[in-house]
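> Let me give you the structure first, and then I'll get to my questions.
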């Protein structure tokens, strides 16, 4: 196949340039898509584990793995843990050098060659870079804490049950930590989750998707008794991308506050948290945002909830939205006066508790700097193409195009507007372990959700069309091998 093949610029998803082209199943086609990818340079900004790295039982090279290939693995697991940016090491080394050579003065003294401002201001640097990724004002974002801890802090502020309004609505198959957090918040207020926790459940096990109309119906049925809604922007299991704007507006019209867990959405889809009038949100940074395992999380508080009346606060009156408070959330002009009179910073920064880990912040910023070299609109555009190509290769393969021949189905919505990068693939019963074993032998990194689902998520900053093509070939072979082994 020559370069005469025309590759369109995709706007908003299908129809894709490969939709009716049998050549889409050739490696050369994927190579051409990569050649036309405006984000292809970012691949080199990340460290991709090699087959040798994965097989080696030590962190550093030894003689046992010399015969293993240096070829890079196929890493399609950015929805679980993003790859390490090459710049992360440099940022952390600069932090360690500052600490080693400046000690406590590193909190306040700037340097000509610094990558981040002095320790006392690193949180501002993180918020500035994070805000455009989630469609927020800088003042609406704080990079702090961890995801579940931040959800607890936000619910402590926004879940204020009354005799009439006391329920929290959450999806029935929410990530367990979210479920635990909501349940414990309800118990903390001496309420019974059986009465105060509304679970939105799908009644179709073969299609565990929550249609927007159904969600709105559940809201209507519980409107007069609901205080808060907490939903996932993208559902971790199915990969469904909820209609944040519509659900938020509908719930708020009923007097309900709305929060979103954006763990699988931040760095994945083009969020507009401010414009969509979201009350609050929280997310981690170790998935699509590539800040490392357990990396520092972030939260969003809409500006209308973050305002502080400084005159009222100075007189000791309640002048801000209730929250759990800590010294790092205090006004910078008075933070070090130690006078025990708390006046919060304006915006989300006023929800901070302790000084942030500068070590963790460096890992966050190293990745965010890459995101800020492009835009979420461009990242989302490639993601629509990349995941659409993956879906096409899985479902339209000439060998298994008939659904009756396929030993799997895709439970993620087929509408690209209703999903992010991830496709959740449900295998026929009894195939999962065999398929995973084959993929592992071929150094393919994805993740599983028992009993029968694998999640595959091409990350547009570092994954390529050729990788997606290679995965599809290996996945079909793994399925064939698993079927033969079951006979």
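Here the Cβ of each residue, glycine as well, is placed from N, Cα and C on the backbone.
As annotated by Swiss-Prot, pyridoxal 5'-phosphate binding site applies to 147, 148, 175, 176, 177, 178, 232, 261, 264, 286, 327, 355, with the evidence given as sequence analysis. Under the heading N6-(pyridoxal phosphate)lysine, Swiss-Prot lists 287, citing sequence analysis as support.
Are these features on the surface or tucked inside, and what touches them?
For residue 147 (pyridoxal 5'-phosphate binding site), applying a Cβ distance below 8 Å and a minimum sequence separation of six or more within one chain yields 177, 261, 263, 282, 283, 284, 297.
For residue 287 (N6-(pyridoxal phosphate)lysine), the same-chain residues lying six or more positions away in sequence with a CB closer than 8 A to its CB are 78, 79, 80, 81, 82, 263, 264, 266, 267, 268.
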> Going by DSSP, is residue 232 (pyridoxal 5'-phosphate binding site) sitting in a helix, a strand, or coil?
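Its secondary structure by DSSP: strand.
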> 10 Å Cβ neighbour count around residue 232 (pyridoxal 5'-phosphate binding site)?
23
> Taking 175, 327 as the binding-site residues to compare, which has the smallest set of other Cβ atoms within 10 Å?
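Among the binding-site residues 175, 327, the sparsest Cβ neighbourhood within 10 Å belongs to 327.
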> Translate the DSSP assignment of residue 175 (pyridoxal 5'-phosphate binding site) into the three-state scheme.
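Looking at the DSSP assignment, residue 175 (pyridoxal 5'-phosphate binding site) belongs to neither helix nor strand, so coil.
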> Residue 264 (pyridoxal 5'-phosphate binding site) has how many other Cβ neighbours within 10 Å of its own Cβ?
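So the number of other Cβ atoms within 10 Å of residue 264 (pyridoxal 5'-phosphate binding site) is 29.
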